[in-house]
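Let me begin by presenting the structure, written as structure tokens, before commenting on it.
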Amino acid sequence: DVPKVPDSRGDSDGPRRGSLCDRHCAAINNVHGDLGDLGCHLHRPRVPPAMSTPPCCQQHSEEVCESCVVKTTLTAENLVEANKLSNNYKFGFKKWKSHVTERPWEDRSEIVKELYSDLNVIRGSGGSTLTCGNVLYLLLFGWWLSLLYILVAAVMFITVMGAPYGQLCWDLARYFLWPFGKVIQKVEVPKSHQVCEASVGESSALLGGPTPLRWRPWCWVGTGYWHRASTAAWLCLGYPVLVLAHGLVCVTAWLLIVLIPVAKLSACATSRVLLLPPERVLIRRLRMTEVPLEGEVILCCYRAANPYYYKYAVDGINVFAVNLLPLVLVTLVLGYVDSPNHLTGSAVKFTLALLSIMPLSYYIGMAIASISAQSNFAVGAVVNATFGSITELTFYITALIKGSREGNRCYAEVVKSALTGTLVGCVLFVPGLCMVIGGIRHQEQRFNSRSAGVSSALLFLSVGGVFAPTLFSKVYGKLVCGECHNVTQNPLGHYLCHNCHFDLMDNNGTLYYSHVQPLVYTVSILLPAAYLVGLFFTLKTHTHIYDIHVSDCHMPGHHHSAVVHWSRWRALVILLLSTLCMSACADLATEHISPILTNSTISQYFIGVTVLAMVPELPEIVNGIQFALQNNLSLSIEIGNCIAVQVCMLQIPILVLFTIFYPTNFTLVFSDLHVYASMFSVVLMNYIFMDGKCDYFQGTVLVMVYFILLAVYFFAPSPSGC
């Protein structure tokens, strides 16, 4: 697939050896692609075509050129980021896209710098202020905020003593109606009478032209008692109302994310502008060629909306996760305070609990990545193994406990559907979606087929082990049907039967307790053992499979001292608190899912394989998409494969172990639909990943197959016991 490179030496054997070695080296070097915004860069030697053949290729035959495989070097800003990048390529470790340390300011793009800058920068040429975002601001906030300032100004004028602040509110009413292209400055006024004398005919070449003549009430109010009375009237009558209004604007704009500049504008107005004496606030309109240099610039806004604010982070936490965090508090308060469902119904509480799992999953992932990056390999492995599947296990265990207490087998079937949905979704939907989105930007993407092969082999093993008890029960179980009708009216004719299943409890459960249950326990021991073998293989004896070397940057301008967002202790506290909140949300979700399962016309299979399976994995899906956009499809594929392997080799054995100590209705016997869907998905995934390269068409195939399976689950009848 890589064009042959002519050898300038003219040796007859050179082109053949060089061509083969080039193919080996190019395949490895293109495995991981360009990580771009990930915070690191791929450094490959850029040499002329005539010298592109590695020196090692001159010493080996064309059969195998093992030593010409050059490790891809990932350079990070500091040692902590280097550890995080290295952990991303380790099997069994959580793949994390976001930084766990502060990025050097000089390494950020101008777009990102603008996101974190204060609204006090004067541009020489701001361009036109008539934009869609600015018009949206006028329609959402500008008109009523300006009207409120006019009303407050009228109240302050009526008090007489608050007239200076009334004049300020009048000026701010015009400003907040359309604040774009205007500037608010803090000016120095040594003496009030100097302001009065200079207010008429004042001119400035920098600001352009004479200052407009305005009535300045503070000229006759003076100082002392009147000044204190004016301030008291303002703080009692005007300021609280405007603080509430700006607070509403700030919260609304922040939740909309793209309007975060409006939130910054309101916050600055509340904390600075409205607390300044009126004579120290100057509001001017800028011309395209004017840059005011006198006085401190407090506010200067040109755009109300910026679509790049989806990249904005607070203390290393993405703005979406920050905005969803209050939802967790609302869910917990509403769920445990309103137990009789007086305020809201079970459907609303179930939806809120399910949505609250998303930010908690993000915080758990961030905490795991932070602890692993700042610790040694052993600590990182223990943390990833302990908390890597905590999100799913929390929900599964609480559902099984509730089903056991109520004697309802439907909860166990929903858990099986969620397990199958996670497996199928991570095998088909996650890599398929990443291929489609990454293929739009990159025509063809390559990935490390050897590392993907390890995950594929473990998937084959895990799927075979998980469904072995099911296949065993199909062979030796007794078919029992709930209702049968004679179609031909002949006792020996054909019968139409409903609700048929294989009964494992025939003869007092001899088949199940003597044969199926020991097989389940054997599989539950072998699968985690195979997972440990896979870890030892990829992390100890065959680390060269990934061909990754991570080192610190030694480029000018880079900071080598790591300033972490979360220290190890802080990350540990957040991890434990997030896990506790996750348990509470999972308990609420299982508490209020019963009416949905009972009254819904949708199959319980569909609810399990979609909502319950994929919602907790949304942060992982976002990470996979970001890796794919950076042409790093290897990590996108590994995200889905690792989750699928952990479902079969860790989560299911843990659930089986849990049933030993706390008896539930969960048995490792799945329906035929789950077996066929899982096996077909794994076979198709291995076929697609065979050649180590893909495009958006192959990703579309995986996504379409996933939606076909969802359609099958949607129209499937509800499982027995529901």
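Every residue, even glycine, has its Cβ placed from backbone N, Cα and C.
Annotated in TrEMBL:
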DOMAIN    132-182  domain 'Inner membrane component'
DOMAIN    348-468  domain 'Sodium/calcium exchanger membrane region'
DOMAIN    571-713  domain 'Sodium/calcium exchanger membrane region'
TRANSMEM  135-158  transmembrane segment
TRANSMEM  232-262  transmembrane segment
TRANSMEM  317-337  transmembrane segment
TRANSMEM  343-365  transmembrane segment
TRANSMEM  377-398  transmembrane segment
TRANSMEM  418-440  transmembrane segment
TRANSMEM  452-472  transmembrane segment
TRANSMEM  519-539  transmembrane segment
TRANSMEM  571-590  transmembrane segment
TRANSMEM  602-622  transmembrane segment
TRANSMEM  643-662  transmembrane segment
TRANSMEM  668-689  transmembrane segment
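The transmembrane segment (317-337) makes contact with the transmembrane segment (571-590): 3 or more of their CB pairs lie within 8 A, with pairs spaced 6 or more apart in sequence. Between the transmembrane segment (643-662) and the transmembrane segment (232-262), the number of CB pairs under 8 angstroms, six or more residues apart, is fewer than three, so the stretches are not in contact. Only sequence-distant pairs (6 or more apart) were considered; of these, fewer than three Cβ pairs between the transmembrane segment (232-262) and the transmembrane segment (519-539) are under 8 A, so the stretches are not in contact.
Sorting the domain 'Sodium/calcium exchanger membrane region' (571-713) by DSSP state (H, G, I as helix; E, B as strand; all else coil) yields 117 helix, 2 strand, 24 coil. Using DSSP to sort the residues of the domain 'Inner membrane component' (132-182) gives these counts of helix, strand and coil: 42 helix, 2 strand, 7 coil.
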